[in-house]
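Peer 1: Got these off TrEMBL a minute ago, pasting:
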- Glu96: active site (ACT_SITE)
- Asp109: active site (ACT_SITE)
- 1-23: signal peptide (SIGNAL)
Amino acid sequence: KNHAMYPMLVLLGLAALLGASQGSTDCYGSVSGIETTGASCKTAKPEGLSYCGVKASETIAERDLEAMAQYKTLIEEVGKKLCVEPAIIAGIISRESHAGTILKDGWGDNGNGFGLMQVDKNSHTPVGAWNSEAHITQGTDILVSMIKTIQAKFPSWTKDQQLKGKVQA
């Protein structure tokens, strides 16, 4: 699924709330190196917000933070294993499923998206339970594959620019 700018701002909000990590989890860029204008008004309005921008992104991330807490350890483990910043994984989980709170038996997107990261069953065979480490690993592997596509297309970009290019795509 493609959601323009929204994920980028949720990433920044979650990074601020969870703490961005560095070192073994920044192989594909870091949210701290990405500039953004925040959630568009088109994104903020369905969330019940009368304002846009970074503040809207932070509000949305804060709403998901409590539900996200139960997945923090899994997200951190997958991030370390695949060298992806946990805030990026958490941002995708927030955007795609509001940390699982909008899923029905693990499914969303009219039954096409599976799990916290909403793996598209039409493009991939979902792995593991909807809220499992196996699922988060699969979703993150898909993300890494997409980032590598951006890297090949734009080799002169920095890792942060390549990450932003993928998340915005």
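The backbone N, Cα and C atoms fix where each Cβ goes, and this holds for glycine too.
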Peer 1: For the active-site residues Glu96, Asp109, work out the Cβ neighbour count at 10 Å and name the residue with the minimum.
Peer 2: Asp109
Peer 1: DSSP three-state call for Glu96 (active site): helix, strand or coil?
Peer 2: helix
